[in-house]
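This report refers to the structure that appears directly beneath it.
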């Protein structure tokens, strides 16, 4: 279980060992996009073309076939991020945050990114028995993974949100650092998500004395004290239905603690120091209460004071499609010592804060992977020659990347809006409207950006041609790790239904807040002539959405369930794209690209739920036909569906 392995060095001595062309510019450095490099870039592009025209025998001997894309400081190269911070942060906060992010961007480039690749090359290994047949249940991680934990503490990737040096802006500062860190982290962004979620739960409980030590460890900047947390919710039945799928039993002990007995089927970051988990408390006769009201939340340390496992047996590590850098395991809890931290039967309610945080981290990962893939694609386009010219000089190629860029910008602004609202809530500065809007936007953003990220990753991979399919370019790693984002912390359909629950719980107030907020943002842009088409299209979409909500209200629960996915997409497209992109483009110092992005977002269907309602897609007859279409020709066709 102890992390005692040492990573294997790369044979090539480079980061990462890739199958790109090894010819480098005379300076020995890759092309970057920082200011003052325009002449150098032009000269390098000219050299690429001259090399191709030169007879093969006269070309540089190390030249192969491909040019490796190289990016620089992620923060300095992210124009949208920098313009957003300049627009929203108070001047003094902006000055300090800018310095921190520029420094962090350099550390990412020179230190953290190589460690991330080492984590990919050296995934965790499960050692169940020692040489003498004794069961030891060790999850062995590489030195780079352990170094990532130290860096996370040093950079305050969790602490920043809880120290609140910048009041409500501290959460946004943390989110930006996580956004920059995510694609370089070698999968360590996942345990950080659960660590942040655990810290949030403990804080929401008032940091009781028994949990003060754990909270201090979770939010520490000291690498020797910093803890990460797991999140052990999924059991043998799997899925999001924890109310009916949780079988773990908690038995109370004479000293007031509990012993947990059960099987945890999917435990991410199984090498963490602690975890929060759900279980059913057994009464004196050994009976437990079923359903969500029978679930309580527990805190447990993974190891005791001597470093031994807390009555936990590791069954195996999960063989996953992606996120292979992180240990995900199946665990038996055979009397694990735990502390009840929620009110009895209030476990599901108590983990809501954790789910909100981990879903926001999911959005961070999605937007970060989109930005990373586009950064690589655009740099490759400045180096790769096809059909006699650079890819960047092929209009269709650039149109494809530009469309991905527009999607990424909308997703980024939606992320920033959520963490801005969360910062207000955490510092008691949020209005009731802010709180309602945050409750709605978290599941909307999670489900929509998860789908966006997968689509952008696939499209960006294609922009590299066959090279994008090569494992040692690192591009397939990004794609695999991105695919989990629409599954982890709730699939698209599960979250769509959660969006409906937010409407029901607020008795429709959240939609009133949504409409008024969008209208206010559009009013700010009403005087900008260049944005007039985008503003009108958004207003038309809002009207269509309002008509849908009125019509659906009289059609019953089935209509809303069938419409849930399209309804959530509609909310995302109207708010993320139209309202936020238009608001950003209406700034006095907005660039032409800001305006273009807002206008281009309007080219897509903004209110798909209204269109599908007109197509009768949500009628009971269509629901029956859905089953008929799916099962035609299958053995189930003759059974009752």
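Every residue gets a Cβ built from N, Cα and C, even glycine.
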Looking at the ranges 1-42, 43-84, which is given as region 'Disordered' in TrEMBL?
1-42
Summarise the model confidence on the domain 'Acyl-CoA oxidase/dehydrogenase middle' (231-334) as a single mean pLDDT, whole number.
92
Please work out the helix, strand and coil residue numbers for the domain 'Acyl-CoA oxidase/dehydrogenase middle' (231-334) from the DSSP assignment.
7 helix, 47 strand, 50 coil
